[in-house]
Amino acid sequence: MAEKKQWHETLHDQFGQYFAVDNVLYHEKTDHQDLIIFENAAFGRVMALDGVVQTTERDEFIYHEMMTHVPLLAHGHAKHVLIIGGGDGAMLREVTRHKNVESITMVEIDAGVVSFCRQYLPNHNAGSYDDPRFQLVIDDGVNFVNQTSQTFDVIISDCTDPIGPGESLFTSAFYEGCKRCLNPGGIFVAQNGVCFLQQEEAIDSHRKLSHYFSDVGFYQAAIPTYYGGIMTFAWATDNDALRHLSTEIIQARFLASGLKCRYYNPAIHTAAFALPQYLQDALASQPS
């Protein structure tokens, strides 16, 4: 029997992970990035950009539930949601489950990502692209948040790592633009890497976001696809109370929402804001 091909992630030079490739479904270099989708017996369909795993069918629900339900339920009455990135449609899928949300705008820099994900990752979007509340904008995220006349209650930055096209979504210009189009009391969240291996990313984001928001922090989730431990999500708002809501308040909102989740629950919500001491120490040691 012929040995299966292997796909090796190239995010780190000295260590990493690989996937056995059962079948390559799509591989093309677009105007912005090198994109591949392949099948793996353990993780289902896997999508990678520029040599870095972005999502798998096996565990994507953890990432997307935590990126959406934490800010939306903490906010409590979000009507207008902005997603930066998220071309695979899974973030959109989770936001559409909130029936009180009136409009969902998604800004994706690469139209090719949206088109092939509709074809090759149908379980991710699960028909959410057809939701009447949804509007797709093909634009650079930094440009959009600094130019739009729209305002939002929750902004979700479903960004790649801060290399290549995703680098601009970790800049002060982007964070300032998000503050500009965020309604009073609104919440900004963003993917911020695996803090044990990418601690400098969290420190840099915390420093930059603190220039624009009065309450900046992080919450976490364990997502097997992202090599190295716990995935960290940046959190920023001017409503200092939202990060510290009791489990009882979140529980009441969760029950009222009718959500049925596979990872997220109210206890996970409040526990996710507890950070390991090494990260707390690193953040505390930074100059104000």
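Cβ atoms are placed via backbone N, Cα and C, with glycine included.
Database features (Swiss-Prot):
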ACT_SITE  Asp158  active site, proton acceptor
BINDING   Gln33, Glu108, Asp140, Gly141, Pro165  S-methyl-5'-thioadenosine binding site
BINDING   His64, Asp88, Asp158, Cys159, Thr160, Asp161  spermidine binding site
DOMAIN    9-238  domain 'PABS'
Taken over the domain 'PABS' (9-238), the predicted model's pLDDT averages 92
One finds that other Cβ atoms within 10 Å of the Cβ of Gln33 (S-methyl-5'-thioadenosine binding site) number exactly 21
Nearest to Asp88 (spermidine binding site) by C-alpha distance, among the binding-site residues Gln33, Glu108, Asp140, Gly141, is Glu108
Rounded Cα distance, in Å, between Glu108 (S-methyl-5'-thioadenosine binding site) and the residue listed as 'active site, proton acceptor' is 10
Whole-Å Cα distance, His64 (spermidine binding site) to Asp140 (S-methyl-5'-thioadenosine binding site), is 22
